[in-house]
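Read the structure below first, then the notes.
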């Protein structure tokens, strides 16, 4: 067998080995990165009479421990935040979301049409900034109260989350009512909420088209 043929076969084997090694390394690396994702499962209770804490880094005001935890999660998105909320008037939560918008986090919002006009509603602030907001004028309520964090990211370390529960994002709900909030990264639960958000997003219309 001539030397050129031997060298040619050797070169093919080397290239094949390199490609195979890279394939297995990439697969191993991706699996390892996925295993680094944090599992998050937390319940946050909001109760009338809850003690206030010292000034939080997330707020200019004195806030409760429960509010501090909620703000912690709402400050965590790196890629996307989808909000589906019946009524949204709290300024601390609005400011946190504004900061995310300025950082380049992709934000979408679904709101109940009637509650968009409620006293203190933050919807118009977001709409003026170019945040996509959708609603549907209907006799039926859009009564959901949840948001999705980083569910559109391809980063294998980012942890997709859903935050849901009974809580409207209002001062009364956050500081006066008995309310519950859950936070979870459980894949099946996150995917169901994501599917519901996308379903409503396709059904509802931009605010600017219906004013």
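If you go along the chain as it appears here, the first residue is 1 and each next one adds 1.
Using the three backbone atoms N, Cα and C, a Cβ is placed for every residue, glycine included.
Residues 6-25 are the range that TrEMBL records as transmembrane segment, among 6-25, 26-45. Across the domain 'Phospholipase D-like' (72-201), mean pLDDT in this model comes to 95.
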